[in-house]
Ligand SMILES: Nc1ncnc2c1ncn2[C@@H]1O[C@H](COP(=O)(O)OP(=O)(O)OP(=O)(O)O)[C@@H](O)[C@H]1O
């Protein structure tokens, strides 16, 4: 399995092509370049890129026309359009016509790299198959070349999940996917989309927890020029871009009450207005939503609207925590050991029964994501083909004694309380956002340092997904040291 992502860059400016090749190095990225629209089309067909970066002005054809041709071939491939100054309106037309985003030239690499990462991530979710086991509970046969995420599981609760996916995918119902962190909510959302009638239409995902309210509103609904300070151009939101397609709202339980009301309206009326706009815009979007929060108690304490819950919850899929999946833990561990051993080029002969017992006894607060991380760390530490308990990461299992509640020491609590009160006294109305951001910055800085700036490993240790970590870093404008 190769996680290298292919970006096609179509531009007649050699500096842009070189810059992208330098900024997106192998083996994580493969950048293929074309200086004409004709070559761009040829490479799109040949290389099946994960995303495209496209200049609006090409020597032989306009970038706008080229977007249409790309969309004819595969509308799930996100295209980021590069425009010159004064062509913003054209870019907006392009976004309405299906471009993923646009960026105005000249730009700093720092401005475009998060956009490219987000396009590649969207493409992965839309196009990388999330395969269900066959009726016998076995993973489907597949050629080694097919990069796919197998959704494993043969315990009764997971068999129910597979049945539900099969039942709901082709209906156009909104689906609410519930489960603790790392239980596979995103992978289930992908499977539903990929088996749905909208599988060849646009798919976008948005992490509601990672974006502050004002930005989320404009991200979802777009905004008109001049609608707030800094809104110097009209922006098209996800509800407009995804017309006819699917929108995955991750971490929906973290949405603020104001946003919940706005979302409810678009779900009920199937229309919305851009921020600062008055023209109603019709939209037909299938919503998949996920959360690890307990929405029943959020409704009981008034922090989640029950009418929104019922709208989102035309169908619910609840993923069991890994500790309740019985023998699936051992089966999944074996699967990940052989998959990752192959990826890491390690010889693997067998897993000692004592190692398996330790794995089965663990409570897996981080669920499948934690299991994957432990298996990888164990393989990296292993110095022989039999996986004995000594190869398990040091301290494995001790986290069971840690508990999920953080004990706040006196000094820490006093400082936090003082800082909160200081902000209140200054009249702040963003106390939660400011303090959470400060805490997040420290957490991310320390975990990134400890993991040598490895995003996958850091997200694993933080217990959040890689896209969530990436969007938090973007929001905090955090750059690793
Ligand atoms: N049943 C499964 N079989 C195989 N792999 C799985 C399964 N469930 C989850 N995974 C893998 O575990 C990892 C975490 O899954 P995913 O991101 O879907 O979890 P999540 O519930 O969305 O997490 P979060 O709440 O933190 O966003 C992914 O690499 C995913 O492919």
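Cβ atoms are placed via backbone N, Cα and C, with glycine included.
Feature annotations, courtesy of TrEMBL:
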type	residues	note
DOMAIN	6-120	domain 'Response regulatory'
DOMAIN	151-380	domain 'Sigma-54 factor interaction'
MOD_RES	55	4-aspartylphosphate
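Secondary structure of the domain 'Response regulatory' (6-120) per DSSP, as helix, strand and coil residue counts: 53 helix, 27 strand, 35 coil.
In sequence order, 10, 11, 12, 13, 16, 63, 81, 82 make up the list of same-chain residues 6 or more apart from residue 55 (4-aspartylphosphate) whose Cβ falls under 8 Å from its Cβ.
Mean model confidence for the domain 'Response regulatory' (6-120) is a pLDDT of 88.
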